[in-house]
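Copied over from Swiss-Prot, here are the features:
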type     : residues                                                                       : note
REGION   : 64-114                                                                         : region 'Disordered'
COMPBIAS : 103-114                                                                        : compositional bias 'Low complexity'
REGION   : 223-261                                                                        : region 'Disordered'
COMPBIAS : 227-236                                                                        : compositional bias 'Pro residues'
BINDING  : ASP479, ILE480, ASP497, LYS614, ARG637, MET638, HIS639, ASN640, ASN650, GLN651 : S-adenosyl-L-methionine binding site
REGION   : 567-580                                                                        : region 'Positively charged region required for RNA-binding'
REGION   : 669-706                                                                        : region 'Disordered'
Amino acid sequence: MEAQADAGGDDLAAMREQCRSLEEAIGFRRETQMGLVASLQRLVPDLVPSLDRSLRIIAAFNDRPFVPTPNPDGGHGKSPAALKPHHRRALPDPARSTRRKTSPGSSPASVAAAPGGLDAVRTMVAVCLLELVPFAEIDAAALARRLQAESSSASEAERTALADLAAELGGSAASAVVLALRRIAEDTGGVQIEEAMIGGKSMTMVWAIDRNKLLKELPESATLPLLQPPPAPQMPPSETDAGSAMIPRTPQQQQPQPDMWPHSMPPIFPRPRGMTMQGMQRVPGVPPGLMPLQRPFMGPAGVITMGGGVGPSPNQQKQKSEEDELKDLELLLNKKTYREKQNTKTGEELLDLIHRPTAKETAVAAKFKTKGGSQLKEYCTNLTKEDCRRQSGSFVACDKVHFRRIIAPHTDTNLGDCSFLDTCRHTKTCKYVHYELDQTPDIPPMMAGALAPPRQIRLQRAEYCSEVELGEAQWINCDIRNFRMDILGQFGVIMADPPWDIHMELPYGTMADDEMRTLNVPALQTDGLIFLWVTGRAMELGRECLELWGYKRVEEIIWVKTNQLQRIIRTGRTGHWLNHSKEHCLVGIKGNPLVNRNIDTDVIVAEVRETSRKPDEMYPMLERISPRTRKLELFARMHNAHAGWLSLGNQLNGVRLVDEGLRARYKAAYPDSEVQPPSPPRASAPIDGDQGTSQKPTVSDGERPA
C-alpha cells in the first residue's frame, strides 16, 4: 500500500510539473505573438483594431467574453530584438513531464533506460547532423524530414519520442527539432542557428556545427566514463588442482564468457540500431535495445579513442593555433548567406529558362530529323572481317562495315598501311597496304534466306521538301573574275571555295589576292549568308574579303578530315610547319535574312576525297539553315552540282540552265554561248531573280537574327 501511495504521489507531482510547463509555454507564446504584433504595427498602424474586430466576431459567435488586445507599444516596443537567436528566452521543457522521478525502490539504470522526451530528440538531431559529411547548411524542416524518413538511422522508440514531443508542443515535427536545436545551442554550443522570417513564416537554419561538442549529445559519450570491467567473481579453488580427475562445475559455478571485442570500441560486426548481442551487459543511461558505442568515440580533438582509454592522449590534444582560427573566421565570413544563395538559385533558374529552346525552335528542329531513323552504318573497330571473327571468337563477323586488304604482287605487308590509302596517287607501284570496302556476304546465300534482308542505305536528301520543290541542278562554265554577276539575281546562300594562292605546288591554277578582293560578290546578295572556305595563310585574307564585300563574320565551321579507315589524318601534303588535319569555313552575314538557328553544329567530321573537294554534308546543312532559297556556289566543279544549286566555275561542262528567267538574261548577255537543255522542262517553275529579296515571302520556318 505504501508503494502504491508513493507511486500516486509521483504521478501527481508529474502532472503538476506538466501543467506548470504548459503554462510557461503558453506565456512564452503569448509574449512572442505580442512581439510580432508590435513589430508589424509599425508597418500596419491599424493592425490591432482589425484584430480586435475579428476576435470580437469570433467571441460573439462562440458566446464567450471578448478581451481586447493590449496595446503592444506599452510593453513590447523592443520585441523584434527579442526574436534574435542570442536574445531569445529559453523555452520551457515540456519533455520534463515525461521523465518520472526515481522512486526509492527503483534503480537509476532502469529509469535512465527509458528513452523519450527532449533528450531522445536531441540525440536524434545530433546523430543526423553528424551523418552529414561534408556538412551543408540545412533548415529545421528538412532536418525533421530526414529524421522521419525510412532511411534514417533513428529507431522506432526515438521516432515515437519525436512525435510525442511535437504533440506536446502543439505543432509539427519541425517545432520539436527547433526546440532541440535551441537547447543544443544553449547548453553545449554544438550548433550555430539563425532564425528569420521569410514570406511570413519562421525559418530556423543550421549554419555550422561543432562535431566535438555534438558528440557529447550521444548517450555513449555520457556513459563511457562509467564503463568499468566487471570484477572477476571469486571462484572456489578448483578440485582439478588437487587431483587429476576432471569434475564438472555446476551451473552456479560456470563463469560467463567475456566478449571478444572490448566495450570501449565499436563492435567488429555492426548491427542495426535496436539489436543487441547476447552476452553484452546493460550500460546505465543507454536505452534498451540500443547497443553502447555503436559509433567510434571521438575525443575533443577529433581523435578516435583506441583501446580501453576514455579520451585522446595528451600529445594528441592539439590546440588550434591563431592561424587556424583566422582561417576558420575567413571561411565563415566568405560563406554565402541564405539570401545570396536564394538569389544565385533564382539566377541559375532564369539562365536555364532563357537558354531552353522555345516550342517553335523545337518544332523546326524536329522537321529536319531523318525519317525512319538514322541512315548511318557504323564501322567495325576490328577493320576486317577476319580480325572481327578472331576478336569475337565467332564464325560470323558483325553486321558493321568492314574493309578488305588489297595485297598486290608488289605489296610488302611488313611496311604497314599506306598513309594516303585510297587517295594515294601511286597505287600501281605503292608497296604499302591499301584497303577497299568488303561487300561480300559473311553468310552463304543458302543460309541467308531465313534472315532479314540488310537495310539499304539511301542517299541523304532533304526530307522536308521534295526534289521538284528544290529544283534541278544548274551550272555555268565561266571565268568568275570577269563574269557579269548582275544577271544572276539575288541568292539566300553563297558558298565559295576559292583557289587561294598559298605558295604551294597545286594541281590547279590560283588567283591573286587582289583578284579575290575585287570580285563582284556584293551584287549577288542583299540579305543572306556566305560560306567561304579558307586554309593556311588565307584565313586572314578571307576575313578581309568578307569585310570588303559587306559581310560580318559571325561563325566558323571546322572540317575535321578523316581517311578511308575513318581515322584522323596525321600525314599529308599541306602545311608548312604542321600537317593539316582540318579546314576552316568562315560564315558571314549581310542584311537581315530569315534563317534557322541552332539546328546544326560547327564541326563536320568527314572523309577526304579528291583534291579540294569539300564534304557533301555542307549541302543539306545549308538547306536546313536557309530552306527553299536560291543558292549559289562559286569555283565549283562537276561533283559540286546539286539540286537547287547554281554552280559557277571554269571546270564545268558547258552551261545548263532550267530557270527561264535566268536563261533569258544569260542569252541576252552572252548570245554566242550554247545553253543546255535546248528547251527547259515546263514542270520547273521560273524564279524571278530580279526581285529585291532572296527569300520567298511565304517562308515561315526561320527567324531573323537580332
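Using N, Cα and C of the backbone, Cβ positions are placed for all residues, glycine too.
Sequence-distant neighbours of HIS639 (S-adenosyl-L-methionine binding site) (same chain, 6+ apart, CB under 8 A from its CB) are GLU610, ARG613.
Annotation note: HIS639 (S-adenosyl-L-methionine binding site) sits in a helical segment as assigned by DSSP.
On its own chain, ASP497 (S-adenosyl-L-methionine binding site) has TRP533, SER612, LYS614, GLU633, LEU634, PHE635, ALA636 as residues at least 6 apart in sequence with a Cβ closer than 8 Å to its own Cβ. Scoring each of the binding-site residues (ASP479, ARG637, ASN650) by how many neighbouring Cβ atoms lie within 10 Å, the top position goes to ARG637. Averaged over the region 'Positively charged region required for RNA-binding' (567-580), the predicted model has a pLDDT of 73.
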